[in-house]
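Peer 1: Okay, these came from TrEMBL:
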- B:Asp54: active site (ACT_SITE)
- B:Glu125: active site (ACT_SITE)
- B:Glu50, B:Asp122, B:Glu125: Mg(2+) binding site (BINDING)
- B:11-136: domain 'RNase III' (DOMAIN)
- B:164-243: domain 'DRBM' (DOMAIN)
- B:223-246: region 'Disordered' (REGION)
Protein chains: 2
Amino acid sequence: MFEDPRRKKQLEKFIQKLGLPPTAPVEWSLLDLALTHPSISRVENYEQLEFVGDSVVRLISAELLLEIYPQEPVGEFAAVRSILVSDRVLAELAEYYGLEPYLLIGSNATGNPAGRQSWLADAFEAVLGALYLSTHNMDLIRPWLDLTLKTRSAEVFSDPARFNYKDALQEWTQRKCKILPEYQVKENQAFQASKARADENILNSRFVAEVWLKERFLGRGYGRSKKASEQSAAKEAFLSISQEER
Amino acid sequence: MFEDPRRKKQLEKFIQKLGLPPTAPVEWSLLDLALTHPSISRVENYEQLEFVGDSVVRLISAELLLEIYPQEPVGEFAAVRSILVSDRVLAELAEYYGLEPYLLIGSNATGNPAGRQSWLADAFEAVLGALYLSTHNMDLIRPWLDLTLKTRSAEVFSDPARFNYKDALQEWTQRKCKILPEYQVKENQAFQASKARADENILNSRFVAEVWLKERFLGRGYGRSKKASEQSAAKEAFLSISQEER
């Protein structure tokens, strides 16, 4: 039995925000824990549930992508999933479902705005962990999360510019080879050189990046900043790799 | 309905090897796919199910570790799980459950012994994916997999030498910071120097490795080989990090 009637009321309210009935078979003590930041208690907090929830959201994403896009190559799934389970998207989902008012967190932690995305995402994962462990299946999660994840994945598929190709490439190389791609950025020699050259994109770009997987060359990209050149190299690498997988 | 009666018999036999009754509600066409290597078909193979199964084994491991070792710090869970879901352990499980005779695979693929661990692990993950998708819960998996995973995790906890600290550290930094630790290995200056120095371990070690996370120093280790010095540095780093998380 969950003891604190005021907290219980709060948690019920949150559950209803997710679209679940108040009678849903939720383990309230787990949900309470999922909505408790480590700044409140070093032991009784959301960290263990976050560890479970991280796998829950990965599994649901995999299942969902397979259901909606059975024709897409697996490499693409991995890329889209890496976006769906990113801190950025999970924190957005936490905001969308209005999680924050129900999270117990010390003022020392909320004072740091840089950490906000991270603890919102962590708590959201922990909530998924608590709901999964309440029934040992996805019955308390998929009814409300599916539609949101579907919308997100459709956005990613329809607008490849939303892809963070560096993340996508990293997810791919990690999964396949357990190593990370390496970037080498140099000044672009063609920059400010003869305007007679054809490729404006290359000419206007101060930096050129190459991405390598150990000894294997994966792609090259140009950009006005180092970061942009790396993204561009990652894009070339990622698209050629997905092509191979088709 | 699953069409090929001979293949169906095979698959039923495999299911019984796992300890499941032949009446288990298995989606036979999915299990068939899970036991089909890409060398047989570029489209109809285990790759999508492997993508799902990878999350299944991560989730089961997380759940199980939380059930058995509720007092351990989360950092330790992550380390142990990284071992449980490694290709090495998954391939061992595939062998233990006698998966290989049921896997359809081209002789061009089996000719390469280096790839064997990898495709055994992949097919095993795919089987987990197929069984999960048959019921959308762990009912067809945990009854037989739990005991084996429990034994493995107990081995890892009781004998830290089984830890691959480099893998464990990488899993941790990936999860926390999305970046990988970097190793710097140098010749050990103290090696072959005055025998008056106290630490035999340091003196007998030709190499010294440091591991860094961006600008943060994580640990230092010594070893007779570069690899050994890196493992030793990873161990120091990993243990001090787990300490922090307690």
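Just so it is clear, glycine is given a Cβ too, placed from its N, Cα and C backbone atoms.
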Peer 1: Quick check for the class: what is the C-alpha distance, in angstrom and rounded, between B:Asp122 (Mg(2+) binding site) and B:Asp54 (active site)?
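Peer 2: One finds 8 Å between the Cα atoms of these residues.
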Peer 1: To test your reading of the Mg(2+) site: which residues beyond B:Glu50, B:Asp122, B:Glu125, same chain only, put their Cβ within 8 Å of the Cβ centroid of those residues?
Peer 2: B:Tyr46, B:Glu47, B:Leu49, B:Phe51, B:Gly53, B:Asp54, B:Leu90, B:Ala121, B:Ala123, B:Phe124, B:Ala126, B:Gly129
Peer 1: Near B:Glu50 (Mg(2+) binding site), which residues of its own chain have a C-beta under 8 A away, given they sit six or more steps off in sequence?
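Peer 2: Long-range Cβ contacts: B:Ala34, B:Asp122, B:Ala123, B:Glu125, B:Ala126, B:Gly129.
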Peer 1: Cβ-Cβ under 8 Å from B:Asp54 (active site), same chain, 6 or more residues apart: which ones?
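Peer 2: Residues satisfying the criterion: B:Val85, B:Glu125, B:Gly129.
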Peer 1: What is the number of residues in the domain 'RNase III' (B:11-136) that are helix, strand and coil, as DSSP sees it?
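Peer 2: With helix first, then strand, then coil, the domain 'RNase III' (B:11-136) has 87 helix, 2 strand, 37 coil.
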